[in-house]
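Contents: one structure, followed by commentary.
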Amino acid sequence: MAKIIVVTSGKGGVGKTTTSASFATGLALRGHKTVVIDFDVGLRNLDLIMGCERRVVYDFVNVINNEATINQALIKDKHCENLYVLPASQTRDKDALHKEGVARVLDELRQSFDFIVCDSPAGIERGAMMAMYFADEALVVTNPEVSSVRDSDRILGILASKSRRAEQAEEPVKEHLVLSRYAPERVERGDMLSVDDVMEILAIPLLGVIPESPSVLQSSNSGVPVILDEASDAGGAYGDLVARFLGEQRPHRFLSVEKKGFFKRLFGN
Amino acid sequence: MSPPNDRSADAAPFDLKGSLFTLTVLHLRRTDPAAIERHLAEKVAQAPGFFVNVPVVVDCEGLADADAALDLAGLIACLRRHGLVPVGVRNGSEALVAAAQAAGIGVLPEGRGSGRRAEPERAAAAAESERGSGAPSSRGNRLSTHPVRSGQQLYAPDGDLVLLGTVSPGAEVLADGNIHIYGPLRGRALAGAKGNAEARIFCLSLEAELVSIAGRYRVLEQTSSEFWGKPVQIHLADDHLIIELLAR
């Protein structure tokens, strides 16, 4: 049975789409048949990050409205086997999403995929609710600053009370914390909340810490999920995150300031 | 200018003040008395004690133009039979307003849309209560083992609220009795919500945005309180909010 995982945050710009793209790619690289769905109808971004924007013909809303079949809308990823993208519509708005339609599309995808990753839009309105409603597990992407943490807290409350699992009194949605854009130097200086600060407020298990890194922006602009840039710190952190999600034990990295060696100090990176 | 003594001699025997209450609203969809009676009996049977003496407002927004056909007197009698106390109507037609006046209950200002907006919040609270309350509840006591997250509201009408998790910033917990929080209180806590001045708030770490007992409230800031981050109890004495450390 396929697992549905929502990548959500409440707040915008914290790294939901970056995380969705790398997380889905990581699952596929490890041999799991994965589809990643863009729920941000009207503000389509996932296709850019995945580098498939020129291959979008049909989209999620077309499938919901029975104007195209799932297979017509699914885009096969060019970087790895096992990975498909279901893009959002750019010309519609979130009202095009409705529970029955989304349920039907997810049920159909469940037949042939191991993991369904739902990239949620920001906010707590219709698009975000639709992305969350059917989830079995949730990656809550949070930046180490107070407004992001509060929004994540709100989202956790909604997952616990308004998701399908909550409404049907099933086992609750399994929650994972993804702390992104983490800068240990700034935490040390006291400008940024630490991992412990965030954990204390949100009180959910930590799946991964993604360091603030120039490689994220470079990857986004070139349409290659950052997890494929294995040499980069953010790419490595997403690799660890996926491994942990699949049950491996890996220590958390990038939590403290890297001590620069003598030569590094002399010559830089 | 009259001397102050003169005024205190004939001081008013009461103060008239506005106050906010959480009221249960009955959103009517149909007017069939038999169906209403049956569903009401079911609801009350699910939580006997929960509805005893609960003031309830009848909202007719969900009815079509047919609310003239609503037998308000019958409905009021039906609500009373099940222990509820009808106190007013809202969003009713002119005929209904007249019927309400005849029946001696209040007419509340039209809350178009507002009733609907409150619904998801109530649904959330209901869902939360289903998950959280495994304990036998005497009176209206309520126990939740889950953290109360930002934007959530938890209310224990007619009883104490016992919380085993954190109350996050932006969350609100209310009880007609006491509130016990076995964790940090970072949001808002309002005990004695129906005016019980004997109610108290207990928490293991005071980091609250606002605390209130029987309508007496105080907003808190980290710098303004020597009790910040400490285990405290809060109660009323001479109409003043008193915060004190819990004895070890």
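Here, residue 1 is simply the first one shown, and the rest follow in order.
The backbone N, Cα and C atoms fix where each Cβ goes, and this holds for glycine too.
Automatic, uncurated: that is what TrEMBL annotation is.
Per TrEMBL, the features are as follows:
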DOMAIN    A:2-150  domain 'AAA'
BINDING   A:Lys11, A:Gly12, A:Gly13, A:Val14, A:Gly15, A:Lys16, A:Thr17, A:Thr18  ATP binding site
Where's the emptiest Cβ shell within 10 Å among the binding-site residues A:Lys11, A:Lys16?
A:Lys11
With Cβ-Cβ distance below 8 Å and at least 6 positions apart along the chain, what are the contacts of A:Val14 (ATP binding site)? List them in sequence order.
A:Val141, A:Thr142, A:Asn143, A:Ser148, A:Ser180, A:Arg181
Note the Cβ centroid of A:Lys11, A:Gly12, A:Gly13, A:Val14, A:Gly15, A:Lys16, A:Thr17, A:Thr18, the recorded ATP site, then list each other residue of that chain whose Cβ lies within 8 Å of it, in sequence.
A:Ser9, A:Thr19, A:Ala122, A:Val141, A:Ser180
For the domain 'AAA' (A:2-150), report the average pLDDT of the model, please.
95
Mapped onto three states, the DSSP assignment of A:Gly13 (ATP binding site) reads coil
Once the chains shown are all counted, how many other Cβ atoms turn up within 10 Å of the Cβ of A:Thr17 (ATP binding site)?
27
Ranked by the number of other Cβ atoms within 10 Å of their own Cβ, which of the binding-site residues A:Gly12, A:Gly13, A:Gly15 ranks first?
A:Gly15
What does DSSP give as the helix, strand and coil breakdown of the domain 'AAA' (A:2-150)?
60 helix, 28 strand, 61 coil
Would you count the other C-beta atoms found within 10 angstroms of the C-beta of A:Thr18 (ATP binding site) for me?
27
